[in-house]
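Asks: Quick paste of what TrEMBL says about this protein:
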- 5-114: domain 'EamA' (DOMAIN)
- 12-33: transmembrane segment (TRANSMEM)
- 45-64: transmembrane segment (TRANSMEM)
- 76-93: transmembrane segment (TRANSMEM)
- 100-120: transmembrane segment (TRANSMEM)
- 126-146: transmembrane segment (TRANSMEM)
- 129-259: domain 'EamA' (DOMAIN)
- 158-177: transmembrane segment (TRANSMEM)
- 189-209: transmembrane segment (TRANSMEM)
- 216-236: transmembrane segment (TRANSMEM)
- 242-265: transmembrane segment (TRANSMEM)
Amino acid sequence: MLETRMPAASVVFWRCAFGAVAMLLACAGLGLLRRGVLDARQAGLAALGGVALIANWVLLFTAYSHASISVATVTYHTQPFMLVALGALFFGEKLTANKLGWLGVAFGGVVLIVIGGQQAGSHAPGYLAGIGLALAAAFFYAIAAAITKSLKGVPPHVIVVIQMIVGSVLLAPFALWPDGASSPHAWGLLLAIGFIHTGLMSTLLYGAIQKISTALVGVLSFVYPIVAIVVDAWAFDHLLGAMQIVGAVAILAAVAGMNLGWNLFHLDRRNA
């Protein structure tokens with residue numbers, strides 16, 4: 001997003017526009033552009049989820065301009081807690097002590113990563129604003145994911161195409177054309193964001209959300225901050241500090257613990 005040198009709302013518009021084209025082609029190839037794929041209620045929910053998803057993207061991309069990619073991303077990933085809470089409230093999913101424990105370990109890792117970034121200094125202007133924007137983005141992502149969870153039986157390709165069309169319509173007034181010598185590069189990035197990051201990845205993500213618990217989705221999503229930190233170091237020379245490394249290890253431990261069914265509190269008693 002930063003490499004395009006365009007406003008966040010404009011980047012999200014092109015992401016939605018190219019993503020809509022990609023998903024319409026995919027739906028046509030899979031025979032999903034027919035009546036009966038979803039009813040009016042499901043279409044309305046998918047559109048509402050699209051509004052939340054678009055708000056999430058605009059807020060997160062704006063946060064990148066105020067805080068570093070690493071800090072904004074790890075702060076954004078407080079959303080699993082919001083998602084788990086929504087799962088308990090609306091889907092009756094049980095909040096076991098073990099689930100909360102592993103989420104706590106993962107969140108502790110996120111905190112260490114953020115603190116490590118603070119100790120390193122050199123934050124962009126408006127750092128606290130960036131944190132606030134990332135938290136707001138997390139809230140809207142949790143809403144979008146919870147709505148998607150309620151659309152079991154609806155092909156994820158169809159959900160994505162509805163959301164991309166909604167985003168394109170809502171953000172059309174903010175659309176700008178890339179200009180200057182960097183415009184070919186910017187167009188290439190926008191195409192990649194639309195077709196790969198949105199069309200392909202959103203389909204895979206939504207397909208997974210419909211099949212697994214919100215708690216597991218929450219813990220798995222903590223992998224993303226680690227990837228963001230690695231990319232930040234590789235592309236922008238923002239190197240990891242010792243505390244950030246400890247935080248990343250804590251996050252990976254939480255991912256493994258949830259996936260492999262480790263009993264966190266049983267481990268504590270055994271090691272006592």
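If you go along the chain as it appears here, the first residue is 1 and each next one adds 1.
Glycine is treated like the rest: Cβ placed from N, Cα and C.
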Asks: With a Cβ cut-off under 8 Å, give me the same-chain residues at least six positions beyond the ends of the transmembrane segment (100-120) that come close to it.
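Replies: Contacts of the transmembrane segment (100-120) (Cβ under 8 Å, skipping residues fewer than 6 from its ends): 68, 70-71, 74-75, 77-78, 80-81, 84, 215, 218-219, 222, 225, 229, 240-244, 246-251, 253-255, 257-258, 262, 264-265.
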Asks: If you count every Cβ pair below 8 Å, which range out of 12-33, 45-64, 189-209, 242-265 shares the most with the transmembrane segment (158-177)?
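Replies: So the stretch in question is 12-33.
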Asks: Per the 3+ Cβ pairs under 8 Å rule, pairs at least 6 apart in sequence, do the transmembrane segment (12-33) and the transmembrane segment (189-209) touch?
Replies: yes
Asks: Who are the chain neighbours of the transmembrane segment (45-64) in space, where the CB to CB distance is under 8 Å and they lie at least 6 residues beyond its ends?
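Replies: Answer is 1-2, 8-9, 11-12, 15-16, 38, 72, 75-76, 130-131, 133-134, 136-138, 140-141, 143-144, 147-148, 150-151, 154, 158-159, 162-167, 170-171.
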Asks: Compute the average pLDDT of the predicted model within the domain 'EamA' (5-114).
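Replies: Mean per-residue confidence for the domain 'EamA' (5-114): 86 out of 100.
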